[in-house]
Each structure stands twice: as C-alpha cells, then as structure tokens.
Amino acid sequence: MIKEILEKTGALMEGHFILSSGKHSSRYVQCARLFEFPEYGDVVGEELAKLLKKYDVETVVGPAMGGVILSYVVARYLKARSLFAERENGVMKLRRGFFVKPGEKVAVVEDVVTTGGSVKEVIELLKEYGANVVCVGSIIDRSGGKVDFGVPFESLLKLDLPVYDPEDCPLCKQGIPAEKPGSRGLK
C-alpha cells in the first residue's frame, strides 16, 4: 500500500540525485510530494503511529524538513506532542520555544532514512535535554539495514535503492547531470 501511494503521488523519482548524505542514487523518494495530498499523509501517518504505539510515546520529534509534517500527523494519532528540530548555522536545534523534559518519552520520525545522519543528530540533541528517546520511525528505510540508532527502528517500507559514493557513481561516469533535491543544508 505504501509503495503504491508513493508511486501514485509522484514521490518515487528516477534520475541522478545527490542525497543529503552526499551519496548519489538513480532513485529518490521525495515524500514532500506525498504530503501534497493530505489524505495520503494521513494514511502514512496513521500506519506509522500504529507501529510506534507500543513505545508509549509522549512527544514526536522530526528533523526539518522531512520530519516536520510527519511528526505532526504521527503525534496526532498517538495523542502526543509534535515538535521539530531545525538547523541553525548548520547545527540541529530545538527553536520556536520547543522543549522536552528530562525523562520524556520521545519518538524521532523521518520521512526517509538512508545513512540516518539527521536522525542521529536529533537523538543527540534530545539527549542533551535529558529526553528518553524510545524509538525511531520512518516512512522509508533505504539504509539496507546498516543504520543503528541504539533504539528500535520501525519503518513502513524498506526500499533497496542503489546508493553510490560520488567517486564510484556510474551516473557521474556517464556524464549524467545530478540534481540535489534534499533539504539538509549542511555547512
């Protein structure tokens, strides 16, 4: 069902992409396209919330941009608070008056996990506040099982999409121009 929603909304894209991790791929998942259609965003959020319900989550936090809408929709179904972390001078922060209390049970959610870099940054940020990060959830896991967050990781769909280091990218070797659709904005 999730893959069909991604295809129907145009979220599953083909081409030559530079991922937020810096790696290259011939396929890209742009979940912002999925969230153009609130009815599909609701389906995805509810399904992910069902996976995370067993963790007794009090607050759901997503990294901007991919986790902003997702954290809201998942939190609504879990009857939890929804926050997002965003970059300030290249560093993940809780801004806009957001906070977590020491010991608060938090789920971190992200639309797509490849290397898990943004999620790991959010987990470290939340630990600085003393939060108890109990799980991570994503719509898509394209890590190939290589990511360890130190807490349970739940995803709605595992996609084995090709990922290349830039120096090994066959698309670069063919001279195909690359597009950088991500939003990580690292310095």
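Every residue gets a Cβ built from N, Cα and C, even glycine.
DSSP assigns E110 (5-phospho-alpha-D-ribose 1-diphosphate binding site) to a strand in the three-state reduction. Sequence annotations record features per position, and here Swiss-Prot assigns 5-phospho-alpha-D-ribose 1-diphosphate binding site to E110, D111, V112, V113, T114, T115, G116, G117, S118.
What Swiss-Prot lists as orotate binding site is T114, R142. Cβ contacts within 10 Å of R142 (orotate binding site), excluding its own Cβ and spanning all protein chains shown: 24.
Summary of the 5-phospho-alpha-D-ribose 1-diphosphate site environment: with the site residues E110, D111, V112, V113, T114, T115, G116, G117, S118 set aside, the chain residues having Cβ atoms within 8 Å of the Cβ mean position are S20, S21, G66, V119, S138, S143, V147.
The Cβ of S118 (5-phospho-alpha-D-ribose 1-diphosphate binding site) has 28 other Cβ atoms within 10 Å, all protein chains considered.
A sphere of 10 angstroms centred on the C-beta of T114 (5-phospho-alpha-D-ribose 1-diphosphate binding site) encloses 25 other C-beta atoms. Taking the C-alpha positions, the distance from R142 (orotate binding site) to T114 (5-phospho-alpha-D-ribose 1-diphosphate binding site) comes to 5 Å.
Cβ neighbour count for E110 (5-phospho-alpha-D-ribose 1-diphosphate binding site): 26 (other Cβ atoms within 10 Å of its Cβ, all protein chains included).
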